[in-house]
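Asker: Sharing a structure below in C-alpha cells format, with a few things to ask.
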Amino acid sequence: TKRKETKRSSGQWNTRYIFAFLPLASFLFTTPTPPIDTKLFLSHSPLLYSFFPILSAFESHKKKEKDMAMAMAAGYGQIPFDEEMQKSFRPPPPFHDGAGDGDHHILKPYKKSNRLVSLDAFRGLCVFLMIVVDYGGSVFPIIAHSPWNGLHLADFVMPFFLFVVGISIALVYKKAPNRPEATWKAVGRAAKLFLLGILLQGGFLHGLNSLTYGVDLERIRLLGILQRISIGYIVGALCEIWLSRRTRREVGILKSYYLHWFAAFAIIAVYLGLLYGLYVPDWQFFVPGEGYSDLPLDAHEYTASRMQVKCSVRGDVGPACNSAGMIDRFVLGINHLYAKPVYKNLKECNISSDKVVPESAPSWCHAPFDPEGLLSSLTAAVTCLIGLQYGHVLAHLQDHKGRLENWCGFSVAFLVLGLFLALLGFPINKPLYSISYMLITSATAGITFCALYLLVDIYGYRWLTLPLEWMGKHALSIFIIVSSNLAVIVIQGFYWKSPENN
C-alpha cells in the first residue's frame, strides 16, 4: 500500500537550526561582563561544539525508530549473531498481506543503506581525537604529542586518518575501467587537498589573537597535515589504479594485490636507506631578531643570530642530526619548515612556561623542524597502503567472519612486528614516522576499526556512535572550522560597542 509521508509542521524546529545559535550564545555567556575572555571561551568550545552531534544524533535516533517500525512491518526481524557471522544481511522475501488470491497487495521491503557505518564512525573518531588533543593537550600534556620518542594519544591521530583514507580508496577505485581518467581525478583531488593545507597551515591565518592575515612567501610553511594526507592519498590511489591485478575469475586477495606489497616494501627500503645511510654534516641557521621581517632580504643574515649545530654523523635518529631534517632543509629550505617543533619540550631545551627557549639551550632547540617532512611522508604513505589492504578485504569478502579474521590477522602481525623492531632498537618516533611507529599505529587503527565494525555493523549498536558518524561524514569541514580556528576567528570579529570587547 502507498503511504504519503506527513510533512513537518511549520512550528517544529529542526535540531540543526538550534546549533546555528550556539556560537552566538557562547559569545554572550562565556563571560558575564566585557571584555570577553577569549581563553575562557576556548576552554568551553569543545564542550559547546559537542552539543551539535548530540542533537543531530537525537534527531537521527527518532528517524531510526520510525524506519525500524517500517522495517518490522516489511518483515524484517532480528538475525541471530551466529547466523549473521556466516553471511551478510539479505533482504527478506516480499511480504503478502494475505488479502486473497485475487488481491495481491505487496508491501515493499525496507531497503537497508549500503553505506558502511563503522567507516564513518572511525573517521569521526579521528576528528574527535584531533579536537581533544588540540584543546586538551595544553592542559593535560600526557595526551599531547610526545616530544621525540614514545607514544601519546595525539600520536595516533595522523596514522588513523591515513589508515581510513586507505580504506576509502579501496572502495572508491574498486572499479576503474578508464585508468588515465581515474588517475587525473586522483591527482586533482590530491592537489586541491595539498593547496588547502598550505592555505590553512602555511601561516596565512595569524591565529586566535589576531584578526589579520597574510604570509611572507619567503617563510610560508609548505607541508602540514592535509599535505601529508594528500601525499598518502595519491600514492594509494595510483597503486590501486595501476598496480591492481583485475581478472575475470576470482583470485585471492594477496594474489590480486601483491604489487601493492612490493610498492610498500620498496618505499620502506628507500626510507631506511636515506634515514640510516645519508651523511649529515655540520649545519647552521639564523634565529630572527627584532624587526627581522621589516628588513630587506640581503640584511637578514646581519640582524639574526647565527646558530651552529655540530653533527658529522651517519644514521643518527636524534632531533639535531637526523637525515630527515637535512633533506627538508636542502629541498624545501629551512624558512619553510615548522617553526615550533614539539621536540622543544624536551628536557634538554629547558623551555619556559611561556614557550620561550633560553639562549643557554643547545643550538638545535632553536631550529625549525617539520614533523610532516618529506622523508617521513614515505612511511606515512605506507600506512595508507596498509589501510588499502583492509579496504580490499571489505570490498571482496561478504561475510563478517571472514572480514574480521583477515583484519585481526593483519593487525596482530603488524603489532608483533612493530614491537619486535622496537626491541631491536628502532625507536617509536612520530616526527620521523619510524618503521616501528608505523606498524604499531597501523595495527592499533586496525584493531579499533574491527571493534567499531563488530559493535555497529554486526551487533547493530549504531546509536552509540551516532555523534562519531556525523563527525565522520563532515570530517574535512570540521577540520577547517574547528582545528584551523576559523570558527573562533569569525566569532572574534564581532564585538559589543568597542573592538576591545571581542
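Cβ atoms here come from the backbone N, Cα and C positions, even for glycine.
Residues or ranges marked as transmembrane segment in TrEMBL: 12-29, 41-58, 121-144, 156-173, 193-213, 225-245, 257-279, 374-395, 407-428, 434-456, 476-496. Feature annotation from TrEMBL assigns domain 'Heparan-alpha-glucosaminide N-acetyltransferase catalytic' to 115-238.
Context for these features, please: burial, neighbours, distances.
Answerer: Beyond the ends of the transmembrane segment (121-144), by six or more residues, the same chain brings 42-43, 45-46, 49, 152-154, 156-157, 160-161, 164, 342, 345, 448-449, 452, 456, 465, 467-473, 475, 478-479, 482-483 to within a C-beta distance below 8 angstroms of the stretch.
Sequence-distant contacts of the transmembrane segment (257-279), counting only residues of its own chain at least 6 positions beyond either end whose CB sits under 8 Å from a CB of the stretch, comprise 235, 239-240, 243-245, 312-315, 317, 322-324, 326-327, 375, 378-379, 381-382, 385-386, 388-389, 392, 432, 435.
Sequence-distant contacts of the transmembrane segment (374-395) (same chain, at least 6 residues past either end, Cβ-Cβ under 8 Å): 116, 158-159, 162-171, 174, 223, 228, 231-233, 235-236, 239-240, 253, 256-257, 260, 263-264, 267-268, 270-271, 274-275, 323-324, 327-328, 331-332, 402-403, 406-407, 410, 414, 431-435, 438, 441-442, 445-446, 449.
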Asker: Excluding the flanking five residues on each side, which residues at least 6 beyond the ends of the transmembrane segment (407-428) place their CB within less than 8 Å of a CB in that stretch?
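Answerer: Hits for the transmembrane segment (407-428): 149-151, 317, 386, 389-390, 393, 434-440, 442-444, 446-447, 449-450, 453.
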